[in-house]
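S.K.: Below are the structure tokens for one structure; questions will follow.
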Amino acid sequence: MTILIEQPEFGVEAEETKVPVDEKELMLDGGFVVPQINSFGHTFRDYDAESERRQGVENFYHTNHIHQTYDFVKKMREQYGKLDRVEMSIWECCELLNEVVDESDPDLDEPQIEHLLQTAEAIRRDYPDEDWLHLTGLIHDLGKVLLLPSFGELPQWAVVGDTFPVGCAYDESIVHHKYFKENPDHYNPAYNTKYGVYSEGCGLNNVMMSWGHDDYMYLVAKENKTTLPSAGLFVIRYHSFYALHRSGAYKHLMNEEDVENLKWLQIFNKYDLYSKSKVRIDVEKVKPYYISLIEKYFPAKLKW
Ligand SMILES: O[C@H]1[C@H](O)[C@@H](O)[C@H](O)[C@@H](O)[C@H]1O
Ligand SMILES: [Fe+2]
Ligand SMILES: [Fe+2]
């Protein structure tokens, strides 16, 4: 079983002392090497580091935090819950992500299909028997097709970035929290307390998350009757919920099933985050394996 290392910076150092700082890596016992720096020379998820992506990412979160309100999310869930826009297979959807670049991500500027395969392949190496988790890696970000014209061409702030609950107070651990001051819900007494419209242990399934690629892909998978286990669906639905899985906020809303599933999400997150790199995967080579998983867990065509 792979050991989780919460703080890569404080982990085991590479044996050879002459290794330059920026090449130091951490080895998880499953084999996956956690790099200490991203392709831009910074630590991962550093939203303050001066880099070519910093300002764009901050602008992204500014708009995101203004517009993600309880009413907005409700409207989007109703609209997209109909799944009446497109019919296509999982693999066709992966190929569409060739054209998508995520403006919220300080660690990656490659087309998203690379990220999907990098995540899935890294998990596959360490967890060869958990084929459902390989497939979860492959599809977890497919919801980003919401950016494309046939899916409604939503703006980036309504598709990517970290997610958080709406209908209760925005936790301070959320990236660029200060911009919530411009969100009307922040001043609504029904929505701005610790529990807001929710109650202790109500279960994340009853909590409305900011709208984006996680919840959309969860909906698509569920409504098209995937046979993925509940942990796979949980990973898809909450993988951007860093306030929970990294900072431990909002735990008071979880139920027992959430607590179980969170363990898988925390494993998954290491691969989602630290596999981001400039090393390309040979798509044609790995395609047959993933096609076989898609056939095992999904119908041939899905409603999107
Ligand atoms: O910028 C990233 C990216 O959009 C990921 O797909 C999402 O899962 C992360 O939470 C987010 O911070
Ligand atoms: Fe994502
Ligand atoms: Fe991802």
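Cβ atoms are placed via backbone N, Cα and C, with glycine included.
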S.K.: Which of these, K144, K181, K222, does TrEMBL list as part of the substrate site with R45, D102, E103, S104, G161, D162, H239, S240?
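M.R.: So the substrate site in TrEMBL includes R45, D102, E103, S104, G161, D162, H239, S240 plus, from the candidates K144, K181, K222, K144.
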S.K.: For the Fe cation site that TrEMBL assigns to H115, H140, D141, H239, D272, which of the candidates H176, H213, H252 is also assigned?
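M.R.: Among the candidates, TrEMBL records only H213 at this Fe cation site.
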S.K.: When the Cβ positions of the binding-site residues R45, E103, H115, D141, D162, S240 are compared with the atoms of ligand 1, which fall under 6 Å?
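M.R.: Checking each Cβ against ligand 1, the ones under 6 Å are D141, D162, S240.
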S.K.: Determine, from DSSP, whether K144 (substrate binding site) sits in helix, strand or coil.
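M.R.: Note: K144 (substrate binding site) is helical by DSSP.
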S.K.: May I ask you to report the DSSP-based helix, strand or coil state of E103 (substrate binding site)?
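M.R.: Where E103 (substrate binding site) sits, the three-state DSSP reduction gives coil.
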S.K.: Taking only the binding-site residues D141, K144, H213, S240, D272, which have a CB closer than 6 angstroms to any atom that belongs to ligand 3?
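M.R.: What lies within reach of ligand 3, judged by Cβ under 6 Å, is D141, D272.
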S.K.: Quick one: give me the count of other CB atoms within 10 A of the CB of K144 (substrate binding site).
M.R.: 26
S.K.: When the Cβ positions of the binding-site residues H115, D141, K144, S240 are compared with the atoms of ligand 2, which fall under 6 Å?
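M.R.: With ligand 2 as the reference and 6 Å as the Cβ limit, the list reads D141, S240.
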S.K.: Cβ within 8 Å of the Fe cation site's Cβ centroid: which residues qualify beyond H115, H140, D141, H213, H239, D272?
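M.R.: After dropping the recorded site residues, what remains is L116, T119, K144, D214, I236, S240.
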